[in-house]
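*Asks:* For reference, TrEMBL lists these features for the protein:
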COMPBIAS  449-467  compositional bias 'Basic and acidic residues'
COMPBIAS  468-486  compositional bias 'Basic residues'
REGION    449-486  region 'Disordered'
REPEAT    207-241  repeat 'PPR'
REPEAT    284-318  repeat 'PPR'
């Protein structure tokens, strides 16, 4: 029975898969797709049988294969079929197709498997590419380098870059930029700097892109010293840092100070902004938001408000993210009145926030047991006509009912139904006989009294302390007697 059940489930899954194949990844309706493509996709996407069974089924089709048909199968089945079945299909098609595949088709397959992050498939295809003497395109190398580094195979990515000549691919500015970007995106700035050092003659014209990647890589590791060296090297080389460079450096600086010295967050960040202005680069709201984000994580309320005041004073326009970061730290530290004023000030400045603004702040207010303020903020959200109220109702209704306010919960439920909002929470939360009301309890520590003097906290935590002390004293006396007798 269990084997029959698994067989039926696999068959149903395969049928559903085939019904979605063409409609999901093609502009054609399913009934207008080529018959050959449908037949091959059905075989490749089937979950019944192993890889050898797949090859037997493909041999039975006896369909004329073309390069375009092979690439279409890879494209249609990449989200449905397991990568091993796709790899077996591609290797089978290379041997059984009526025409030989071109280099561009092979490169397309390599990029497809690289995006699927299948290291084994990538390794097999690269090996076959080299054996057959095919040409690797620069675009294929860029995709491969990024995929290998993401998989933690940076050594393989560097090895592939060093041996590009064996794949008839040149080590030019494009490939150097690709490997540097891939390494720095994962924080391997030291290895990327080595590539730049040995190929300085190949980065002419792309210096700014290379330097940006290096600053980003060092900032990920919060190595401010090395990031500062890159900026100095840019200036010496006649390449002026732009806003992106300084914002990336500022992020690394703030992240380091957040962990090591939170008190220096504001002074050092303001020094960087002063340096930016000296090069006629005005800090934007993104620059200030980087600082405000770190200040909020350390609950620095006073400094956050001061930074917001400095933004207004310097003429830097605030965005809704700025108000979100300041309001968030105010709510988390119990300054609900000031937080509401910030929201009103944002609305007064005609800034239209994203739904995430209200979702996160309402969640924070519910988390700190301030549902009344959460309801007020929800009213502001409804007045802004943003929509997307379903998640808020799903949070507020159970929260109110578990707090004992079933009447308000029922009111919100009816309001959501009247607005046509689909709710995920069950109607059972409105039933007092089902929903357990949360009753906060206060933990009272027991006090142990003696007839004469009360016991200390240390005595309560360690009742056997005196007994252990007596045992140690007896042991010492016994050892002294034994030594004297000897």
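Cβ coordinates come from backbone N, Cα and C, glycine included.
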*Asks:* What is the average pLDDT across the repeat 'PPR' (284-318)?
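*Replies:* The average pLDDT of the model in the repeat 'PPR' (284-318) works out to 94.
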*Asks:* What residues elsewhere in the chain lie close to the repeat 'PPR' (207-241), defined as a C-beta under 8 angstroms and at least 6 residues from its ends?
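*Replies:* Same-chain contacts beyond the ends: 176-177, 180-181, 183-189, 192-193, 196, 248-249, 251-253, 255-256, 259, 279, 281.
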*Asks:* On the DSSP side of things, how many residues of the repeat 'PPR' (207-241) fall into helix, strand and coil, could you say?
*Replies:* 27 helix, 0 strand, 8 coil
